[in-house]
Each structure stands twice: as structure tokens, then as C-alpha cells.
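Enquirer: My questions all concern the structure below.
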Amino acid sequence: MDPILDGLNTAQREAVTSSAPILQVLAPPGSGKTKTLTARVAYLLSHHGYLPQDVICCTFTIKASREMRERLAKLIGERLESRLILGTFHSICRRYLVKYGYLIGLRKGFGIADSDDSRAILRRIIKRLNATIEVKTAQGKISRHKAHGLSPDALAERVKAEEMELVDIYRAYQSALADSNLLDYDDLLVRCGDLLREHPECVSNVQTVLVDEFQDTNIIQYDLMNLFAAQNRRITIVGDPDQSIYGFRSAEIQNLRRMQRRYSNTSIVLLESNYRSSASILKSAQGVIEQDTMRPAKTLQATHSFGTLPVLRKLPTANAEAHWMVLEIKRAVAMTGGLVRMSDIAILLRSTSLSTRIETAFGRAGIPYKMVGGRKFFDRTEVKTLVNYLRVVSHTGHADALLGIINVPPRRIGDETIRQLTGGADKAQVPLWNFIKDVIQGRRSTEKKLQKAAEQGLCSLVKLIDAAKQKLQDCPDASAPCVLLEHITESLSFQEYLIKTYPLDEDSRWANVKELMGQANDAAASAGDVAQEEDLPEIEGVEQQQSHPGEEALSKFLANVALATEATKEGDMETEKVTISTIHAAKGLEWPVVFIPAVYNGSIPHSRAEVIDEERRLLYVAMTRAQALLYLSLPLRQPRLGEGEDGSTSLTPFLTPKLVKDRFRPKGPQLHEKVVYAIADILRRPRPTPDDMYKELNSLPSTLDDRWTSEGEERKDADGQWKDAMGPNDEAKSNPKRRRLDSNQPTSTTYMSASSLMNNSSNFQVSTTLSTGFLSARDYAATSAASQEPVTKSTPNAVPEQPITKKASSTASRKDGLTQASISNFFGGPGSFQKREPIPASRPSIQYPQSSYQTAQTTRPGPAFVPPALTSHRLQPRPLQPSRPALEPAQPSNYTWMAAPSRPAVKPARMLTQPPNGNSAVEAETKSEEAKQESSTGIQSVTFNTTTMASLQQQGGPGRRTLGIRRSMNGWEERMKREGGGQVR
DNA sequence: TCTTGCCAATTTTTT
DNA sequence: ATTGGCAAGA
């Protein structure tokens, strides 16, 4: 078997090997999206004969693209991998603009304005224009407009007089960027779009385009995808509408539909099996996401056992909440006998501001952690300063960078001097840098005479920069950034400067400088590798812009700095650390144990959130990061920004009372043997031995989550000493009396469902009789073996400690199961369904909301298939295709649904129903046939449905539409039931 | 005029 | 806790 397909389930293979030209892979969290996309890249290279340099693969974050590169290197080897055009939209666009930007009049050596730069520019403009708008809002609005492709002029035409202020600011902002030869994040995309529209030949080599996290693309990115693929019109995207959490950045979920409308031959593969989380976590998460009524019902098929219920914990204050996390982390680590380690744990936050409390609590308790997401490193002032020096050296026109360093270290250049200089430069219509040079060399003068000291300071700055520029010219290779940094820090006596200015933490700041140099060094080293990631394939007839290699290395380094999110080098990754991250930054990742604190109204949903659904999805994304243990918590009081006047908080509305009751426990789970084993199984790790599990117990203040009542109150002991006795540091020496395991606490019972109540009461009575008040390991073993805390609740799916596969069909037949109809419903939008009817196939210009689907399922048994033995020959490397005639959106859209149920095995041959070269794909796919199940063979036939969408003049009434949905759902259910028995694997 | 020191305000999420 | 804005010394 093809090694590329190893370890993929049938639906995933379906997606990987599909010969469909336009393919959408829709998949819930944990279903192996990225794995599938990666495998598809490899597959396309090896089976379709695409050259890596002719394949564009867009990811959303730098981390994702790095991960993908690593996976691909393993799959296809570094040689091929390094030639792929793979990266974030922004970085890919930058590459094209570097090479071909001259074609649209972009100046050489442009820099990238990060959001601090943008903010600084806007601040100046707003001040100058005496505008009232806040810098941040202006920044956001401008970015929005750019993402929608609106230039200042275009904006001016469609906006009211009162908004003209913004137009002026926008204009001024653009010209300020242009003056400094900068592009901001949005410009990278917009300008690249301009380039490819005017000069499509730049991507004429591109055979296929793949996009990860498609639900997060905005309009411009969507356009770019199509422009990239203009030549050959072969696109694969993966995405999940439920995980769309970047609406604030103008991401548009509708792009999924837009794409289907544009490409009538869109095929869709659904992945439904979740390989990440316990069934109970999935259930809880689904309970959250399903509150979104506009969303299509969709199955999330668990492959793991039910596990232990997630926790929803109330705590008195935010500090208590942080402390509670400390205790639960310690408990989880100790009681699982090394199964759960610090690095297995993540704290996911709605906003970075929540981290401080947690960080201090962790710091005091000695819990190692690393904070990701907050752009920390490159924001450090000392790092920023040095980077600004590099930027000025790279491009002296970069006015903001220049202003950032003009008086750092202090050169006696104050506000007044700066005002004189910028004012003069403005008047003379000369870049600031040139003006300064002219002034100190006596060719020009400022309105008011500059102070001697200031002039001297300017002199030394100019000297330094000029010397550095010379050095850059002399440096013919990628070591330029490194060389320059050394030169600059030395000439500035930067270390002494740091010592003087930051006497408190001078060493850590210097360490940051060292780190920056290290990164420059790494960049230099990796640039020497076989293939330059930077290089785009040469295209005949289009000249690439060449530049000095040292300069290029420098500008690339600076671009990486600007585009990096968490470029903090993974140097200290080896040590065991808890991860603290924003939810946004956690997307695509997973951890065995996840904490989500502050689940109160105002945090989630955030008080300033615009779209409530997006906040819900955010919580959903956070919850589905967890594999085995999931803890949500909230403080009952918030000192500052609470909801009520008294600072009391209320639980997020996303966690409805019913959901809380059915799917959460009020306190951390008892971590006895059974629970621990279930965790081990979910993580696919060896079960720890009982000895391992018990040996650390004595370090814990309690083996239970009993420091607070389940109503979130401070537990009052007889002597009332909890509070002071339990500093975070001295658990170990606290009075044994307080460590006794509580057996009955009335408060906790209110939450318990009947089943868990039963065994909550009596299991631990043994312990209270122990003279020490604390269980020895063996005692604990004895009690916990008897305790049998229910790991499950009575749910149809509750199959403890058993892979859930056998139950799959029952889930699928539930009314909330994902059906083809419901998914199509999503794409059609609400109410787009109708009973199936013949639909005129050639209606032009589809109005999406009015469209309807014809659902039918085809199975092509026997002769229609190539015998399995031959399937491996099916997709031999093909000659590259000539570009195909365009399929215009005016054609009816025919979506091919290739919904392989997660569990059953499928013969790959079915893909042959599509002609291999795609030219006649449309015709083939529009044929819809009734699905038939080939149940007798015991082998699952493919469910290969063709959904034809076309516009409808008039819609049926709501009743009819519902009927239509029901109908197709029933068909699906029927099939699922029938398929339930025969499974091949 | 530049520097220093104090006070106030501030935090949604990312390329 | 960090940064920006303002007032008083050098």
C-alpha cells in the first residue's frame, strides 16, 4: 500500500486520492484535517506528477506552515518539500511581490509595517488632522476596508460625509506607507492580488492550490486563491465552519459557498471521525456548538471511550481560580503516575489579559509554564530597537523606524528637534533621512536652529547607519543580519546602555538581544541549505527582480520578524512546561488536559464582541482542544470588571443549565485507577502501574478537589484555618487534619445527577477513620478500587473504556446527526431545500439563497469500478495538463458529495466515476443516480452522491422544505443503519 | 530644551 | 505591570 495513505481512514483516503479538480474537505475538530491535506500534497506530487514548485499551499499561521513542512519533509523528503510554495498567505504574497512587484510599480526592498508601525503612523496622522477617532478603531476600519478591496477613492464614493474623515485618514495613511516604502499586512494581500490580476503569467506554472483553514479566509485571500489557481483550476481546501473564529479579521464563512458557486464542479468530502477527544468532551462541546441554530447539524463521531465528564468549577475569586488550577494540575500530574505531564496541560484564555493572575499563581507554586500567543518577543523594547536599526539600514526611507531609534540610546535629540526635522522634511518633500543628512552636512537648515548637542547626536547616528550600510554592501551572503547586529550593538555599546537604563532586569534584556542574534544566525544557517525557500520558479518571459544577496537576506529577516507571531525560538521547549495560550492561538493544537478559565459573561462572550456566534465557536474550539481532561471554571466575583455592580459574574450563556447538569461535573474528577486507565487509553499511552499512581500521592494536600465547595465557596474547616494555612507553597506541610478526604458534602450534591450521587456518598468513609487523616497509597488503592465512580453517564453513547465504533450507527441515526441534506442545507443557507424535483440544468447566474439542491446518491457497483487490484495503477503520474477551458460560475453548480461515513471501509476505486483528466467532470458528476447499498458483499460501497444545485424560480413553502430535508435525512439514516453491521477495517 | 519622575489609563482575538 | 502623557529640575 502506498505509504502516503498509511494511517488514514477511508474518508481521509477519499479526500487524499480524489481526482476531483475542486475539492472541499469539511471536517470537525480532531478529524485529521491537516494530516489529510499534507497527505494530499504528497499524493498529488507522487501520483499526479506535479512538480513541487508548481504547487501552492496556503496555511493560516506560521506555526501551521512550519508543521506542515515538517510533516511533508518526512513524507516526501526535504528536497521536494523545500521547493513547494508553502506558507501563510502573507508570506507567499510577499515572495511574489519581492520577485515581481516591479511589474506593478512596487519599489525594490519594500518593508512590512507591523501593527505597531501602523498604529504609530495613524497616531501621527490623527493628531495632525485633529481627528476625533481613536487610533485603534481607525486601524481596524481601514484594515476592514482593505480586506474588502476598497481603496480610499472607492471608499470615498460610497460613504457619507461624516465618514469622510476616515477616508482622509486612510489616504494619508496609504501615502505615509508609500513614503516609507512599506506595505502593511493587508497591503501584502491586496497588492499581490493586483499583481496577479494584471500579470497572471506570474503564476502560470501553478498546477494546483491547497488551502488550510479555509473558513478563516477573507475576501482578498479567497480572490488570491482563485488567482493562484487561475491557470489550471485545481483547488483543494480544508476547513470547518464551526471553527471560524476570525470574523473580526474579516474572515468570511460564506467563502465556502462562494467557492461552490464559482466552481460548478466542486466536490466535497466530509470527515467525521474525531481521533482526539473523549466522547464526553465531544458531547459537551457539541452541546455548546449546537446552540447555533443557523448551523447545519453535523456529527462528530467519537472514536474514543466516553472517558470522564468535563468539569465546570465555580470559585470565589479569580485568584482562587488560579490557585485551583494549580491544585488540579498537581493532582492530575501526581495521581496519574506520570501519565499526564506538565507539557500535556494547556490553559486556554479568551484574552491575554487573563494570563497575569495565572502566571503569578503558577510562579509562586513553582509550576513551569510558557506563554504563547502574545507577540512577546519582538515587542520587547530592546529587541524592537535593534530591529528598527536594521530596518533603517535596510531602507533609510523607513521614517518610523528612524524615529524609533533617533534618540535611543539618548543622543540629546528631544521633541523639539524632532519636530524641526520632520517639519522640515515635510516641507522640502524629502525623506526624513535625507533631510537629516542634508542638515548636518550644511546643505539645508531647519527653521529654528538646532542645538549643538542635538546636531552632534544626529551626526553620530548618521555615521553609524552609513557605516552599517557599507558593511551590508560588503556582505555578500545571508549572514548580513547577524553581522549588522553585531556591528550595531558594538558601536552603540548597547549592553552598557541596557545596564544603565534597566538596572533591574538588565540581564534578561541582554539575553533577549542575544536571542535576536541567535535567530539571525539561524536564519543565516538555514539559508545555506539546498534550496532557497525564497525562490520562486522561473517563468519564461517574466523577469524576476534580482537584488544584492545580503540585502535580500536582511529584508527577508525583517519580514520574518514582522510576520512572526510566536517566533520565540523553541529552544527551551524541552523542559516540561504548562502552556498558557489564547484560544485563538490554540487553534489546530491539542493537549491531553485543557483548562478554560473565566467562562463568564463578559469574558466569553467578550463584552466587546460583535458577533455572538463567533464567541460560541470560540468556546467550542477551546473545548475541542482537549483530549482526555477538560476543566472549565469561573470566578464568582471579579474585583474590577465584573458584570454586576458588586463585581459578581454570571456563567456564560453558552453553558445552559441543562448542559451543565448533563454534561459537566461541578468538581475535578476523582482520579482513581479506572479514570486514569481511560485517560491512558485515550492518549494511546501505556497505562501507569498502580505503584506509579500512588507514589506521589503524599505530596498532595488532598487527593480530591475539595479545597472549595462545589458552589465555589471557601471551605470552612472546624478551626477555620483553610485560608491562611494553605499558601500555595506549603501544601506539603499543612496539617494532616485538613487533608482528610471529604465524604459527604451537602453542597456538592445539588449538582450531582442521581447516578453519581449514589457513589459519592460512601466510598471514602474508610479514609475518614484513618488516624492520620490521610490515605496511604495502599489504602487509597483499596478504596478507589471499590469506589467505582461512574466514568460515564447514562447516555446512548456512553460506552466506558470501549472504542465506540460499534455504537456508531446509533449516533448517526440520531436526529442531530449530520446528513448530507443538513450539510447541504448549510451551504444553501436556511430554507434552500426543496423536495427533489428535476431542475433545469442550464439556468444562468445562480442566486444562492434561492437555489435548491437535488440530492441523490449513486453507487456504482461492479463493472463501473476498476478492480481493486488495478487501483494502484489508476493515478499514475500524468503529463501536466494544458490549461482547461474555464468553468464559469454561470453554469449550474453540481456538487459531488463524497461523504464517506467515518467508520466503514471503502473501495478507493469509486473515484473513477470522475474522469481522470477532469475535462468532462461536469457531465459525469451531474448524473445522479439513486444510491444503492451493496450490503451483501460486506464491503462498504462508496456513497457517492451527486448533489445538483441550480437556481429555482420560486421556493416551496417552509413546510415543503422541511419535508425535503426529512426525506433525505431518512434515506441517510436508513443507509447508516444498514451499514452499521458490516464493517471492514 | 532635554531628562526625569510621577500619575493615569489600559487589555479581544492575528497576519 | 507596562506605557503614554504631563510637570518640574538640569
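Every residue, even glycine, has its Cβ placed from backbone N, Cα and C.
Predicted automatically and left uncurated, TrEMBL annotations should be read as such.
When I checked TrEMBL for this same protein, it listed these features:
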- A:6-278: domain 'UvrD-like helicase ATP-binding' (DOMAIN)
- A:Ala27, A:Pro28, A:Pro29, A:Gly30, A:Ser31, A:Gly32, A:Lys33, A:Thr34: ATP binding site (BINDING)
- A:688-755: region 'Disordered' (REGION)
- A:704-722: compositional bias 'Basic and acidic residues' (COMPBIAS)
- A:784-894: region 'Disordered' (REGION)
- A:784-797: compositional bias 'Polar residues' (COMPBIAS)
- A:844-860: compositional bias 'Polar residues' (COMPBIAS)
- A:914-939: region 'Disordered' (REGION)
- A:924-933: compositional bias 'Basic and acidic residues' (COMPBIAS)
- A:951-985: region 'Disordered' (REGION)
- A:972-985: compositional bias 'Basic and acidic residues' (COMPBIAS)
Enquirer: Under a criterion of Cβ-Cβ distance under 8 Å and sequence separation of at least 6, what residues of the same chain contact A:Gly32 (ATP binding site)?
Expert: A:Leu8, A:Asn9, A:Gln12, A:Leu271, A:Ser273, A:Tyr275
Enquirer: When you measure from the Cβ of A:Gly30 (ATP binding site), which residues in the chain that are at least 6 apart have a Cβ under 8 Å away?
Expert: A:Asn274, A:Tyr275, A:Arg276, A:Ser277, A:Glu590, A:Thr624
Enquirer: State the three-class DSSP label for A:Gly30 (ATP binding site), counting H, G and I as helix, E and B as strand, and everything else as coil.
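Expert: The three-state answer is coil.
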Enquirer: State the count of C-beta atoms found within 10 angstroms of the C-beta of A:Pro28 (ATP binding site), not counting that atom itself.
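Expert: Its Cβ has 27 other Cβ atoms within 10 Å.
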Enquirer: Please work out the number of neighbouring Cβ atoms within 10 Å of the Cβ of A:Pro29 (ATP binding site), leaving out its own Cβ.
Expert: 23
Enquirer: List the same-chain residues at least 6 positions away in sequence whose Cβ sits under 8 Å from the Cβ of A:Lys33 (ATP binding site), in sequence order, or say none.
Expert: A:Val25, A:Ala27, A:Asp212, A:Val238, A:Gly239, A:Asp240, A:Leu271
Enquirer: Specify the count of other C-beta atoms within 10 Å of the C-beta of A:Ala27 (ATP binding site).
Expert: 28
Enquirer: Other than A:Ala27, A:Pro28, A:Pro29, A:Gly30, A:Ser31, A:Gly32, A:Lys33, A:Thr34, which residues of the same chain sit close to ATP? List them in sequence order, counting a residue when its Cβ is within 8 Å of the Cβ centroid of the site.
Expert: A:Thr36, A:Asp240, A:Leu271, A:Asn274, A:Tyr275, A:Arg276
Enquirer: Under a criterion of Cβ-Cβ distance under 8 Å and sequence separation of at least 6, what residues of the same chain contact A:Thr34 (ATP binding site)?
Expert: A:Ala64, A:Glu67, A:Met68, A:Arg71, A:Asp212, A:Val238, A:Gly588
Enquirer: Are there any residues at least 6 positions away along the chain from A:Ser31 (ATP binding site) with a Cβ closer than 8 Å to its Cβ? List them or say none.
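Expert: When sequence neighbours closer than 6 are ignored, A:Ser31 (ATP binding site) has A:Leu271, A:Glu272, A:Ser273, A:Asn274, A:Tyr275 within Cβ distance under 8 Å.
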